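Undergrad: Quick one: structure below, then a few questions.
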Amino acid sequence: MGLFISTMLSSLLLLLLLSQLFLSFTSCLASTPAVILPLKTQVLPSGSVPRPSSKLSFHHNVSLTVSLTVGSPPQTVTMVLDTGSELSWLHCKKAPNLHSVFDPLRSSSYSPIPCTSPTCRTRTRDFSVPVSCDQKKLCHAIISYADASSIEGNLASDTFRIGNSPMPATIFGCMDSGFSSNSDEDSKTTGLIGMNRGSLSFVTQMGLQKFSYCISGQDSSGILLFGESSFSWLKALKYTPLVQISTPLPYFDRVAYTVQLEGIKVANSMLQLPKSLYAPDHTGAGQTMVDSGTQFTFLLGPVYTALKNEFVRQTKASLKVLEDSNFVFQGAMDLCYRVPLTSRTLPPLPTVTLMFRGAEMSVSAERLMYRVPGEIRGSDSVYCFTFGNSELLGVESYIIGHHHQQNVWMEFDLARSRVGFAEVRCDLAGQRLGVGV
C-alpha cells in the first residue's frame, strides 16, 4: 500500500511539474513583446496551393506566405498562411525539381506521433478523413482536395521558431506523397501553416491570444504579428464578434473564424434583401468565414446576384461587360469586363461595403477588379469583379478572401472572440515596423 501511495505521489508531482513547465512556457510567450514577421504575396501563374475538399474547389493564383524555421538545427521553411485550415504541414520528401522541403532526418528534435498517442486518437476529430495507423504504428493522415488529389504523411512534432522564440513539440503533418502537380508552387513553398481555432492549429498549440496581419500589394512585404498591436499610427479598430455554435451542424465549420454579415451596400444603395439570407440556417449553411487562404470573396447565390446586378447598374456608363457566357473566371466569377490595353487606370468605381455586426469593411478601387493574367480580347484586357458565386463551387458559405483584406489591418482576438479591422497602407506599416525595408 505504501509503495502504491509513493508511486501515486510521484506521478502527481511529475504531472504538476509538467503543468508548471507548460504554464511557464505559455506565460513567457504571452509576456514577450510582439513578434513581427514579413508576409509575402506570392503569385502562382498556373495554379495554387490545393485546398481541402471542404474548401473552395478551384485553384487561385495568389497566396500569402511566411518564412519560419523548423527543426534542430533550424531549417528555413516557407509556408502559406491559412486562417481556414487547422493542420500545419510541410513537404518532407525529396523529389526532382522540389527544393523547398523539410528534411526530418536532419533534425534531432523531430519526433513522429504514434497512432496510440492521445494526440492521434482525440485531437484529429475535425479532420475530413479519419487518421489511420501505418505499418510502423505511426499516426497517418490524409488530406483530400477538391480536384481528387490528396496529400498524406505522418503526424509528427518538432521545434518551430517564431523570430527568436523556440516552440518545442509543435505538431504538424510531415507529408511525403501526393504533392501538387504545380511545379511552380512546389518549388516556392514548403507547406501550409494552419491558423484556425482547431485543437491542432498553430494558433492553438502556441497558446496565442491574439495575432494580426496586414496584406500589402504584390510588390511589397506585408506583416504577420503575434501579440498586441497597439500602435499610435494605427486607426482604432472596429470589431465584430465571432459567431459560435456549439451544436454540430453538417455545413458549419465550428473552428473557422465565423462572423455575421448583415448587409451589403454599393455606394449608398443598400441591397434590398432579407437579413435571414445572411444568417446560417438549421444545417449551418450560410456562415461567413474570414479566410486568408482564399483569394477572392464569395457570396451565396441570391446575395451575389443582387450585388452583381446593382454593380452593373451603377457602372454601365463607364465599363463594358464581357459578353461571353463560356468565360467564368475561377469557376464562380461570371461578371467580367473588357478594358482597353491602352488604359492605365480603371474608371471611378462605386465602393462596396460589407456590413458586419458592429463593423463595416469598404472595398473600393483596385480591390474591386482583378486583371485576368494572359486573357486578351482583341485590343482589350479582361478584368473580373472580385466577388463570386459560392454556389457555383458547391460551397454553402460566405467567404471573405484575402484580396479584399489588402491594406486592412486584420486582428484576430481569440481571448475576446472577435475580429477587428482598420484601413491602413500595409507597405507603410511594414516600413514603420522595420519589415520589408
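These residue numbers are counts, starting from 1, taken along the chain as shown.
Cβ atoms here come from the backbone N, Cα and C positions, even for glycine.
Just so you know, TrEMBL annotations are computer predictions that nobody has curated.
As the structure is a computational prediction, the values presented were derived from the model and not from experiment.
From TrEMBL, here are the annotated features:
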- 1-30: signal peptide (SIGNAL)
- 64-422: domain 'Peptidase A1' (DOMAIN)
- Asp82: active site (ACT_SITE)
- Asp291: active site (ACT_SITE)
Undergrad: According to DSSP, which kind of secondary structure is Asp82 (active site) found in, if we only use helix, strand and coil?
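TA: Assignment for Asp82 (active site) reads strand.
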Undergrad: Could you round the CA separation between Asp291 (active site) and Asp82 (active site) to a whole angstrom and send it over?
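TA: About 7 Å separate the Cα atoms of these two residues.
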Undergrad: Hey, does DSSP put Asp291 (active site) in a helix, a strand, or just coil?
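TA: For Asp291 (active site) - judged by DSSP and reduced to three states - the answer is coil.
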Undergrad: Same chain only, sequence gap of 6 or more: which residues have a CB within under 8 Å of the CB of Asp82 (active site)?
TA: Leu192, Ile193, Gly194, Met195, Asn196, Asp291, Ser292, Gly293
